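Engineer: I grabbed these lines from TrEMBL:
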- 19-263: domain 'NADP-dependent oxidoreductase' (DOMAIN)
- Y52: active site, proton donor (ACT_SITE)
- K81: site 'Lowers pKa of active site Tyr' (SITE)
- H113: substrate binding site (BINDING)
Amino acid sequence: MPYSNQPTVTASGVEIPLLGFGTWQLEPDDARRMVREALRIGYRHIDTAWIYKNEKTVGDGIADAVAEGIVTRDDIFVTTKIWVEHFHRDALLRQAEESALSLGLTPDLLLLHWPKPTPALDETIGALNEAQEKGFTRHIGLSNFPSALFRQAAALSTAPLITNQVEYHPYLSQKTLIETARELGSSITAWSPLAQGQIADDAVIGDIAKAHGKTHGQVTLRWIIQQGVIAIPRTAKETRAAENFDIFDFELSAEEMARIHALARPDGRLGDWLDAAFQWDKDAV
Ligand SMILES: NC(=O)c1ccc[n+]([C@@H]2O[C@H](COP(=O)([O-])OP(=O)(O)OC[C@H]3O[C@@H](n4cnc5c(N)ncnc54)[C@H](OP(=O)(O)O)[C@@H]3O)[C@@H](O)[C@H]2O)c1
């Protein structure tokens, strides 16, 4: 079994571990320490990006874990992203190669970080496919693409776009996009799954957590993966990395799931860098 028997979602035949470890805002040294520690705890999916300026030390953390016999390369799933300034063909291929070199491995998944109106989508999607053909990544996908654009990109792509990584947590609905991903045979990956820590003060989540003998963070991550959505929480603390991994031994009832869904609110979005040329899905404003 891949990924040490961890729960996965399958998108266009590709298995992706439902729980990953995020590395945004981790300083290079913290990234190395935390990635190695996350793999030791049991995470089998690591998320980084060129713009996080830590691909090299994320790669070092993975290499440390491999050297110590904690994991093998093929038992982990590694994602990185093409920054928006590299969307022309040549720049995209250059960065794809650079990212693989920095990581010290061919990533499993290479995403377009945020949609841009220029260059035209067909050039960028074509270049992303070329990056895969040239062996700079195993698979390709998107990040922060609203449904209409997600459909356009899927229609333009030769290879399947196996995920669309977007902000998703209890305070932001992504019902439309989750349905779009399902229709397209793709998947959704939730960034800021803990609403950047805001869930820690939530009374409803606290109530449910108490009933299960779990923490606010564990209930929130369970709510996400129980929908078949991938979650990639980030922490700079070893104890929290272990806490956030301990979500596979309990289940939320349909009623508990619904109570958390009901927390979505119109001002729930935390990070909005969508180009003015595009619009979010109506339920995710
Ligand atoms: N594609 C994109 O555009 C995009 C955008 C943003 C993020 N991402 C990816 O998604 C990952 C996760 O998102 P994120 O880093 O924005 O936010 P997050 O995972 O929702 O929250 C991280 C924050 O929550 C705290 N935290 C961690 N575990 C906790 C727990 N169990 N209880 C309470 N607080 C907890 C952390 O603090 P401590 O460090 O003190 O524990 C940190 O401040 C990123 O690291 C990145 O890989 C992608």
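Placed from the backbone N, Cα and C atoms, the Cβ positions cover glycine too.
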Engineer: List the Cα distance (Å, whole number) between the residue listed as 'active site, proton donor' and the residue listed as 'substrate binding site'.
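Structural biologist: Checking the Cα atoms of the residue listed as 'active site, proton donor' and the residue listed as 'substrate binding site' gives a distance of 11 Å.
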Engineer: Using a 10 angstroms cut-off on Cβ to Cβ distances, just flag whichever of K81, H113 is the loneliest among these recorded positions.
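Structural biologist: Each of the recorded positions K81, H113 was scored by Cβ atoms within 10 Å; lowest is H113.
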Engineer: Translate the DSSP assignment of K81 (site 'Lowers pKa of active site Tyr') into the three-state scheme.
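Structural biologist: Where K81 (site 'Lowers pKa of active site Tyr') sits, the three-state DSSP reduction gives strand.
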Engineer: Roughly how many Å lie between the Cα atoms of K81 (site 'Lowers pKa of active site Tyr') and H113 (substrate binding site), rounded to a whole value?
Structural biologist: 5
Engineer: State the count of C-beta atoms found within 10 angstroms of the C-beta of the residue listed as 'active site, proton donor', not counting that atom itself.
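Structural biologist: Taking every protein chain into account, the count is 20.
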Engineer: Looking only at the domain 'NADP-dependent oxidoreductase' (19-263), report the model's average pLDDT.
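Structural biologist: That region's mean pLDDT is 98.
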